[in-house]
Every structure is written in structure tokens, then in C-alpha cells.
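One structure is given below, encoded as C-alpha cells.
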Amino acid sequence: MWKSLVFFVSALIWSFGSSQDCTTPTGSRSNCVSLYQCQPLYNAFEQRPLPTHVVSYLGRSQCGFEGYVPRVCCGPLPEEQEATSARPTQAPTQGSSDVFPEDSSPAPRNQCGIDTTGDRVYGGTITDLDEFPWMALLGYRTKKGTTSYQCGGVLVNHRYILTAAHCITGAIEQAVGTLITVRLGEYDTQQDVDCIDSVCADRPQEIRVASAYPHPGYSDKNKNRQDDIGIVRLATRAAYTYYVQPICLIDNRARLDTGSDVYVAGWGKTLNGRNSPIKLKLNLPIFNKQECDDKHRGEVLSSVQICAGGVFAEDACRGDSGGPLMKKTPNGIWEVVGVVSFGYGCGRDGWPGVYTSVARYIDWIQNTIASSNV
């Protein structure tokens, strides 16, 4: 949280750009402008020490960025707010179920990939409370009528989640159930209120699934899981906060060289064999493609797949299927470069995990989002 605040402070440089219509956290219509141009919120921001409830309200007022410059939906701070570090009893107000033109494409580069601070994760380290705010948990309605969270994904704009096709269709429907919900802004799945020391996060946003779109080329009968990528449309828009933000898609011209640093994150199995209730992160290297092909001879990997990991106790296995393989650009922006697809065992030395390459599906992602946002 305080890493978020440091980021927020360092971002305070003058922002030129046309204002846009927006809705404040209290429901009033206003304009999306630079924080410097919004006197009420700037005055609140100048308080020292900065109260936790003010930090939370500023975060919920953010409506985009210009580079690293935050823009806010300008309006007065509510006269009475409970100054508490606990999560509010209600989740941040979610957006309308109406169709918004800006939801027809992934979030623009100046509004995504900014970190405010196994398929399960092995050897991972615990994330900060507000780290990787685009992470999503996919929930399924089981035959017993309960909700089971079995896959991961990432938020790419207010309305859409990027995940794996095998998290949407095929065997998972029989083994687990029907995809019905997405949870955003989660940190510790065992706690109703996520706190580190005296700082607490907002309540996670639980949003119903409207529709899901596995890639048409995917079949769970194919052992190599080619085209293992999918899009989930939310029934209502996610509200951007410090704890919920979209990630950028990798440029389709970008290269990932062997040995490049990439990251996975999720709530997966740790070395003691148990799922982690707390969001973990893990740094992995891109694995040599030819060596990876040799390891997976029976699967015939294609050019649309990436191999990463292969270091003992450091890999992703089933619990975070559909979760992201990510990299940080030199200017500090996070991009999703891959989607967790499959692997053999967990954290086996010399055996990398296999990920669907996002760069090879940019056109399909954009077209699917545009055609379904109606």
C-alpha cells in the first residue's frame, strides 16, 4: 500500500490532456483530470500524515494515467468518512452493466500495467498487498452448488479477463463445474479483510461472468494444448482501485530471448504440497525453445508457445492455470507475455512449464473483445 503511495507522490507532475467524463466514488458525474487540476482531492492529498481513508478514496477516484501521471475523477472528498484501516463493508462500486465503447479494446498503454507498489506457484515469495493488481481468480459452480476457485487470469480492461481456454471449456466443466464468477483484488483467500500491519485493502470485487470465449482452435483432445487462450466477459464493469488495475498486453513485435526474466503470480501449491492462501510471485527465466521441444517430444510444441522455468522448486503447475507470465518493461510497465498452459510435475529441474504466447494472439484478443462488447 505504501509503495502505492510513494508511486502516487512521485507521479505528481503536470498532466496536459483533455478531460473525460467520469463518475466519482460517490456517484456524481465529473471530469477525469490531473490531480493537480483537482483542488479538493489535491488538498486532501497534501495532508500529513495522510489518513488511510483518504488514500483509499484517492485510489478509487483514479480514472487513468498519462505515462506515470495519475488522473482522478474530480470531486469533493465526502464530509464524513470513517477513518479506519479496515476494508469497507461494501466492495468498491462496480460500473454499469451498460456497454461502454472504451471496453471494446484492451486498456490503452497509458492506463495499464502500473503496479501500485502452482499452474500453482512453487518457491514463490509473498507479494505485497497491492502487488499485481490485475490478478483474477476464476470461480466455478460445482455439482454440490458451491463455488470453487480453480484457475487464474488477468484483467485487461474494465470488462474483460484474459485466461487459458482449458479454464473455460473441456475437461474442467466435468471435473469442476461451470465458470460463473471472477474475483478481483484478492490477496489472502482465508481472510475476509486483507491487512499487512495496519494497512488493509478494499474488499475484493466479485463479478458474475457474462460469457466466455475459448480460442476456436483449442481442443482439450490435443496433448500440446495449442491455442490454449481465452477471454471472459464480465457482467458488470470492474472498478479500478489501488488493488484492481488492468495489465498491458505485450507488443506483438516484442522478442523474448532465452534467459530473459519473467514472472508468474498466483495462489498455487508451495513446496510443502499445499495451496497458498496468499498471493505469491516467482521470477523465472525464458527457457531455450529447442531444448524445451526436445523435452516435450510427444506434444510437438509450436511457435505460439513459450517455455519458462526449468529450475528446481520454481515453476507453475495446475492451481494457477490461466494465470499470467509477465515481464516488466524498462520504463516500469508490466505486460502479460504468456498464459499458463501445462507442465509435467511441479518445480522439476530441467523441465520448464509451457505457456501460450500472448504476442501471437493479439489480433484474436482484440477482435474477440471488440465483437463481444455489444
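Residue positions begin at 1 at the first shown residue.
Note that Cβ sites are derived from N, Cα and C of the backbone, with glycine treated the same way.
In Swiss-Prot, CYS22 is paired through a disulphide bond with CYS73, chosen from CYS38, CYS73. As annotated in Swiss-Prot, CYS32 shares a disulfide bond with CYS63, one of the listed residues CYS63, CYS74. In the three-state DSSP scheme, HIS166 (active site, charge relay system) is classed as helix.
For ASP228 (active site, charge relay system), the same-chain residues 6+ apart in sequence whose C-beta sits under 8 angstroms from its C-beta are ALA164, ALA165, HIS166, HIS215, TYR218, VAL339, SER341, PHE342, THR356.
Counting only the Cα atoms, the space from SER321 (active site, charge relay system) to ASP194 (Ca(2+) binding site) is about 24 angstrom. In the three-state DSSP scheme, ASP194 (Ca(2+) binding site) is classed as coil.
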